[in-house]
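Visitor: Here it is: the structure, laid out below.
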Protein chains: 2
Amino acid sequence: MTDFSATKEMFYLPEGMIYLDGNSLGPLPKAAPAKMAEVMQDEWGEYLITGWNKAGWMARPTEIGNRIARLIGAEENHVMIGDTLSIKVFQAVAAAMSLQHAKGGAAAARKVILSDNGNFPSDLYMAEGLIKTLDRDGTLGLELRVVDPEAVAENLTDEVAVMMITEVDYRTGRKHDMKALTEKAHANGIVTVWDLAHSAGALPVDLAGCQADFAVGCTYKYLNGGPGAPAFIYVNPKHADVAEPALSGWLGHDAPFAFEQSYRAGAGVERMRVGTPPVLANAALAAALDIWDLTDMETIRARSNELCDLFIKEVEARCPMLELATPRDASVRGSQVSFRFKEGYAAMQAVIARGVIGDFRAPDIMRFGFTPLYVDEQDVIKAAEIIEDVMINDLWDQPEYKVRNRVT
Amino acid sequence: MTDFSATKEMFYLPEGMIYLDGNSLGPLPKAAPAKMAEVMQDEWGEYLITGWNKAGWMARPTEIGNRIARLIGAEENHVMIGDTLSIKVFQAVAAAMSLQHAKGGAAAARKVILSDNGNFPSDLYMAEGLIKTLDRDGTLGLELRVVDPEAVAENLTDEVAVMMITEVDYRTGRKHDMKALTEKAHANGIVTVWDLAHSAGALPVDLAGCQADFAVGCTYKYLNGGPGAPAFIYVNPKHADVAEPALSGWLGHDAPFAFEQSYRAGAGVERMRVGTPPVLANAALAAALDIWDLTDMETIRARSNELCDLFIKEVEARCPMLELATPRDASVRGSQVSFRFKEGYAAMQAVIARGVIGDFRAPDIMRFGFTPLYVDEQDVIKAAEIIEDVMINDLWDQPEYKVRNRVT
C-alpha cells in the first residue's frame, strides 16, 4: 500500500489550485529546492571541477537511469538520462535504422519509418530531419509514413524498417498495445522505438517483457523532474553493444578522458550519452525520484484508473456538452481524461481561472491529467464541480460560447 | 574600468583554494543559489505549467542568447541557448553541409569536413557521426580530414565543404586567427563552423566582423553557468532563414503549439531550438551572466594577458623542469597557460593537493586557466610559489617522478 496522503504532502501545491496538468509538467517536490541548494553550494561551490568524481556527477545519469528503469520495466543499466526527448527520439530512430542497415539485404532495403498521427509532432519532425540527413538527395527513397493509430498494425509490412510510436496519445489518452504491436513488428522484421512520454510514471510499462528495442521518454511530466528536466533512452540488451550512435559525443566514447582522435562507442547504453551531463537538472530529478521510491506502478495504475473513472462519471453527469475523447475502457487509456468541446480553448481558460489547471490541445481537446501521487478523490469531485459551474453557469448563456446552442 | 575585486567577491571560492580551472568549470556565483531557489519556488512551484508564459521560460533561451551575443561579437537575435555543445556542433556542421548541398553543382560536390588535431575530440566525434549518417554506404565519399593546426590554412581547398575549428586549443591554449581563416575559407567557397568553448568569456570574439557562418560554444567554462550548463549556437544573419536544421525539434518549428504534422522551420536562429528548454539550468546561467554585465571583453582580455604573462614569468623562473606549451605571444594565445612535463599527471595531483586547482590533459599537459573575474595577481604569485614548492621540494628527490633526472 502506498500512503498517497503522505506523497501528496511531499509536493508544493499552491493554495486553492487543483492541478490536473501533471501530464504536462509535474509540480515541485518540496525536497527539490534543498537538494538543488546542496548540489549547488556543497558540490559545485566546494568541489568545483573535482565534483565530476567527488560528488559523482559523472555517474549520476547511469544511477538515475536505473531508478527510472524500475518504473518502465527495463533491465538494469539499460536506461540513460540526458538531453531532451526530441534528441533521444533522433538517437533511437537513427540507431534503429542503422541496425536494419547493418543487417544488409532485405532488411537494409526497408525504406519506411512508420508512425501514427496520434504521435507527438516533435517525434514526427525529428524523424523527418533524420530522413533528410540520411537521404538528402532522396535517392534512398526513405519515407516517414504516418497512418491513423488504428491502422498501425496493418501497416507493419516488409517495407517498414522502424516503427516509431508513442504509447499514449498526448491528446486523447488512447493507449496502444505495446506488447502486441512489438510482437507483430518483430514478426515482420521491424525494429521498434517506443515513446513513453505519457507512460513513464503514468502506468506500468514492461519494456523487457515486450522485448521493445528502443524506448525514450521525458521526466518532467509524471516523474516531476522540473521544467526542461532531462530525457531518457532505453536500449534493449540485445542491441546495446551494437547500436550505432549517430550523435557520437565524447561522453559516449569508450574512454572519454583518453581524448582519442576517433570515436569508439562505449559499452552498452553508456554510448547513448552525448555531451556533458546536466548536473543541476539531475539534482531536481533525483529529489523527485525519491518520492517514486515509495510506490510502485501497479498501485499507481489502480489508483489512476479509479480517479479517471470517477472524473469521467462526475463530469459526464454534470456537463452534457462535453464529449469524452478518451477511451472509456481503462485498459486502453493512459492517465488522462480528455473531452472534446468546440469552444474548448475559451472554456479551458475559464476553468483555469477558477483554479482547476488542465490544458487545451487543438482543435478541441480539453485535457486533464491524473497523478495519484498528489491528486485525490476530493480534488476530482471538486474539479468536476468547478467545471460544471464554469460550463453551466458561467458559459451557458454566453452566446459567444454557443454552449446552450450546442446541447439543446 | 572593471572593479575586479568586486567581481571576485561575487563568486564562492573555497577557503585556501586558488582556482585555475575556470577553463573547465567556472566557480559558483554567490547569487546563483538564490536565483535558482526563486525559479524553483516562485516560478515552478507557484506557476507550474503556466510558467512557460508567465515566468517567461519559453523566451529565456533567446534572451540569454542575446546576453552571450554581446560577449562574442554576434548580431542580436542570432544566438540560441540549449542542449550540449556536442549537439550544437552536430547542428552547426549539419546545417553548414546542407548549405553547400543546397547550392548544387561544385559546392554540393565538396566532400571534406576539415578540422585539426587540436580540436576537442567530441567535435571530431560528432562530425564522424554526422558523416556516417549522411553517407552510411560511403557512396558520397564524405570525409573528415584532420590536419595539424598549422596546416589548416593550406588545406582550405576546393574539396572542402566545411571548416570546423575550435578557436583556442583546449590543451595548449594556441589561438587560431579567426578572421584570416574565415576569409581564406570564404575565398575558397567553404562554410565555417567555429567552436568558441575556450573563447567565450576568455577573449574578444568578433563573429559579425569575421563574417563567421556558424559558431557554437559552452557556458560552463569562462561564463560560469554551472556543471552541464546549456550550450549556444550562432548562425550568421545571411544563413539564419535558410539553414536547414537536421535536429528539427518542435520548439524550432515555426508554430510549435499548432502541433502540425510536418516540420516548418521557425524564423532565424529560433529554428536551432530542439526540445524543451532547460529552465533550471537557465536560471543558474542567468545569474552568472549578471556578473558579465559589469565588464567587457577588451578589459577582460587585457587583464587575462597580464595574468598569463605573470604566471609564465613566475613559473619559468622557479621551475626549470616545466616546458611552456602555450604560445608566449599573447596575441596567439587563449586565456590559459599550459606546461609540458613528462610526469605531469602525478605532478598536477600534488599541486591540486596543495590547493592550486589546474588540470592535466594527456599525454603531458599541466593546464592552468586565468579568469580575471575572480583570479588576481596575488593568486598567480601564490600559485607559482606552491607549484615551485611541489616541483622542487616535494617531487625533486622522489625517484618515481624523475624530476632531478630530467633537468640535470
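Any Cβ shown, glycine's included, is placed from N, Cα and C.
Just so you know, TrEMBL annotations never went through curation; they're auto-generated.
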Visitor: Would you identify which residue of A:THR157, A:THR166, A:THR172 TrEMBL lists as part of the pyridoxal 5'-phosphate site it also attributes to A:LEU85, A:SER86, A:PHE120, A:PRO121, A:SER122, A:ASP123, A:ASP195, A:HIS198, A:TYR220, A:TRP250, A:THR276?
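Guide: Of A:THR157, A:THR166, A:THR172, A:THR166 joins A:LEU85, A:SER86, A:PHE120, A:PRO121, A:SER122, A:ASP123, A:ASP195, A:HIS198, A:TYR220, A:TRP250, A:THR276 in the pyridoxal 5'-phosphate site that TrEMBL records.
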Visitor: Just name the recorded positions among A:THR166, A:HIS198, A:LYS221 whose Cβ comes within less than 8 Å of a chain B Cβ; none is a fine answer.
Guide: none
Visitor: What Cα-Cα separation, expressed in whole Å, is found between A:LYS221 (N6-(pyridoxal phosphate)lysine) and A:SER122 (pyridoxal 5'-phosphate binding site)?
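Guide: Distance (Cα to Cα, whole Å): 16 Å.
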Visitor: For a quick check of packing: other C-beta atoms within 10 Å of the C-beta of A:LYS221 (N6-(pyridoxal phosphate)lysine), how many?
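Guide: A:LYS221 (N6-(pyridoxal phosphate)lysine): 27 neighbouring Cβ atoms within 10 Å.
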Visitor: I need the least crowded one of these binding-site residues (A:PHE120, A:SER122), counting other C-beta atoms within 10 angstroms of each C-beta.
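Guide: If we count Cβ atoms within 10 Å for the binding-site residues A:PHE120, A:SER122, the smallest count is at A:PHE120.
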Visitor: How many other Cβ atoms are found within 10 Å of the Cβ atom of A:TRP250 (pyridoxal 5'-phosphate binding site), counting all protein chains shown?
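Guide: Taking every protein chain into account, the count is 25.
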Visitor: In sequence order, what residues of the same chain, 6+ apart, have a Cβ less than 8 Å from the Cβ of A:HIS198 (pyridoxal 5'-phosphate binding site)?
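Guide: In sequence order, A:ASN23, A:THR166, A:GLU167, A:VAL168, A:ASP169, A:TYR170, A:GLY173, A:LYS221, A:TYR222, A:GLY334, A:SER335, A:GLN336 meet the Cβ cut-off.
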